[in-house]
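All remarks here apply to the structure that follows.
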């Protein structure tokens, strides 16, 4: 398992692209939205939680199709499926690697971008905490979607169509937590629900994703 | 070691082979032959457990098979040694050095897989078999893009594997230089159309 | 005689051919009676005027939008567990029908909402949930179309349907949490009839029965088409092989 994790991380570093692209996209969203809606600080502060969460979600989506597609094309997935490592563990490890190279950097970068969007000071801590709790769910759900379309050529668009509806609860609870935090209200309920989604998705979806991969390999 | 009994396999939902039966003992090699499209790859993938059989059974000790497909599963961004170490770690073995030496890759160990020639990549892909530590090798056209010297090298590796109590099942058109290997021609096992006595039952009756 | 006998495509084709005309007839009769009764023979609501009569399309369509997904969930499970092809094809056949009912519910809702709330669309929990349901239908249909091998497509869409059901349910509660909304409560439930007066209630029941029958007829017809298409594909593939 450790071997697979270090391999995926090493590949992400060496191939360049994947690591920085998501962050750059996240930055672009934070720059483009004020240009679109106008510079008025109060309004930006109000919509900042939603923009940041939607931005993180789309940035995460960018690199999803690489989770399994590359391994499928070069035959690694066949070989992993016949290896002693259970496919469920392969999915879990690869989703975790995806989170380390996208979700975690996004979480770290989010407070900087929150400055651009004039997020109220009270919201910063909750922003980081909600992303920390919620982005792993984005990676696991995304890995499930990627497993479904791994056999489809040019499945990127299809992947978005499948995955984005599944992101709805995570987005709602995540953005809601930041919104309430920024307004000085209690945030424990949305944060707990967010954590529940991450834990539930992490526990169940690797099985569904592994089943989908087995079907796609036949 | 590997025993296949009345196996029927399908490609794209259509039966291509049926009634395939053979046994492979430890220390033996079996070469599968047959024209293109007869179902050699499909048969190997079915035996490897990557796709379900239509009927029949494959019996083999648990986790004894190593499958080598057309694609080698190499990562272009990793070096030869890193590629091999990864598969060794996945299979929980440590024989990377012997594998490098066996397929004559010691001089290339720090080169990235992206910079290997097709034949060198293939040798690396075959070296992966050595680090799996598994007894039954399923090989799909293992010598594609290998030169004569490399084919001989690989034949030597296969002999060593057989001598160590392993077994090899290979689909190939090229003479591997294994005079002792048995040959199984798959042409007689071609699946018959349902009207001509197929036996897939109700489903075919309605859908074909 | 077990219900699984109808999982045999041949048996299914024979039986459905016999049943289908009656289902169509009953659906037409129920819809005709229900809609005429509802539109022309019931009084106007004292507050909502004649606008209320859109309920005879809106409520049955909304019910069937959800029931179609439930039916897909059940048939997907049957396919995964028992590998009956007819079951998988029925799920495939039901999806566009369910999507259409969802769109009908949204559109009639907009026509009802405009005079009542003064807006075509509001981000109300119910409306939002139906919009999300539309997205789930679209994804499901797109996956069926994208995967070439029919058995692979059946397996993948079945897994998606299972996981999607869980997330659709989660979304429903997330949306409730997100906004409390202005939609009126459920228009009918079996134990609390007081929501809707009897004069509206009986024609509504007839309309609901009509929509259920219409759904059954459409799904049966589409499943038959899918079976025929599948059979043709198999014949062509065999011909190429020979």
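Note that the numbers count up from 1, one per residue, in the order the chain is shown.
Yeah, the Cβs are placed from backbone N, Cα and C, and that goes for glycine too.
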Range annotated as transmembrane segment in TrEMBL, from A:67-94, A:123-150: A:123-150
CB contact flag for the transmembrane segment (A:12-37) and the transmembrane segment (A:95-117), at least three pairs under 8 A: yes
Interface present between the transmembrane segment (A:123-150) and the transmembrane segment (A:43-64) (three or more C-beta pairs under 8 A): yes
